[in-house]
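Asks: The domain 'EamA' annotation in TrEMBL covers 3-136, 146-281. Annotation comment: TrEMBL describes 32-53, 65-90, 96-114, 123-141, 147-165, 177-196, 208-229, 241-258, 264-281 as transmembrane segment.
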Amino acid sequence: MSRGIWAAVSAALTAGLLPVFTKVMMNLGVTAVEVMVVRYLGVFLFAGMGLMFRGQGLRITGRQFFTLVLLTVFGYAGACYLLAAALNFLPVGMVTMLYFTYPLFTMLLMTLVFREKPTGRKLVALALAILGIAALMGFDFSVFNMGSVLALGAGLTYGIYLVGIQKSCVCQLDNMVITFYLAGISWPLFLIQGWAMGVADFMTLTPTSWGVGMVMGLITVFVLVVVAYATKSIGSTRTSLIIAFEAVVSLVLGILIFGEAWTGFTLIGSALMLGAVILVTREKISPSGNDDPGVNG
């Protein structure tokens, strides 16, 4: 397999830890906004140290900065906040299942906005992923509430982020630089939001909460860097389909750590999701790294 596929697979395996750590922090009494501030402050610090160690420059154009602001607010940071907020209404497993509709949103955006023609293999993989998510939910669609809306919104915004990384002017930036700016924009915005809403009191956070948040920051740095690399290498649609396997990782951890319920549908859904990942990883990648041969990025 290509390095881009390995990057996407590693992102799926490690990113599955993030909803679990988020739930741990919220169980400690930390609000969703506080989780985001601590997490992205950690990302900002770790990414900054990484860039200093490498001697990497941070100069970007005004257009690139504006694009990164949009990708932060309406993309990755927005998705993370909506995902954390959804955990107030639904268990970890259910939230991640709804969130991982983002491959559908990614494919729709690439098709409708950029006229990318999806291959038959990717359509089959998408169908398997959707069936897998439905099976993991036990084919019970009566659970829709505010948490469901928030989780689906997270899926849409993450799809926007993936497409933006591939198709915007930031695609030429170093992956760690992108991560640094995303975090540098995110944590002050979440801090202002928390103060405005009166839900951010960092003096009451315990050392355990800060420690968990910093661990989340370190994991997030890794995930953002490898997702950006994978998206540039193999395209946003293929990347989104592969890292959808993160849902299975989060579900299994939710069962093991929080004792969340599981059934035979859980096994069926996991198998379908794994099948979708295998199908996508075995598809031939065009030399340009785009999702579809003949489609220019």
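Placed from the backbone N, Cα and C atoms, the Cβ positions cover glycine too.
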Asks: Name the range, of those listed as 32-53, 123-141, 147-165, 264-281, that has the largest tally of Cβ pairs under 8 Å with the transmembrane segment (96-114).
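Replies: Between the stretches 32-53, 123-141, 147-165, 264-281, 147-165 has the largest tally.
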Asks: Looking at the stretches 32-53, 123-141, 177-196, 264-281, which one shares the most CB pairs under 8 Å with the transmembrane segment (65-90)?
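Replies: Per the Cβ under 8 Å count, 177-196.
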Asks: What parts of the chain pack near the transmembrane segment (241-258), using Cβ distances under 8 Å and only residues at least 6 beyond its ends?
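Replies: That would be 5, 8-9, 11-13, 15-17, 19-20, 23, 91-93, 96-97, 99-100, 102-103, 122, 125-126, 129, 133, 136, 227, 230, 266, 269-270, 273-274, 276-277, 280-281.
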Asks: Considering only Cβ pairs within less than 8 angstroms, which of the stretches 32-53, 123-141, 147-165, 208-229, 264-281 has the most against the transmembrane segment (177-196)?
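Replies: Checked against 32-53, 123-141, 147-165, 208-229, 264-281; highest Cβ contact count belongs to 32-53.
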Asks: Going along the chain, which residues at least six beyond the ends of the transmembrane segment (123-141) come within the CB cut-off of under 8 Å?
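Replies: Counting only partners 6 or more residues beyond its ends, the transmembrane segment (123-141) has Cβ contacts under 8 Å with 93-94, 97-98, 100-101, 103-104, 107, 241, 244, 247-248, 251, 263, 265-266, 268-273, 275-277, 279-280.
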Asks: Please give the average pLDDT for the domain 'EamA' (3-136) in this predicted model.
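Replies: Computed over the domain 'EamA' (3-136), the mean pLDDT is 85 on the 0 to 100 scale.
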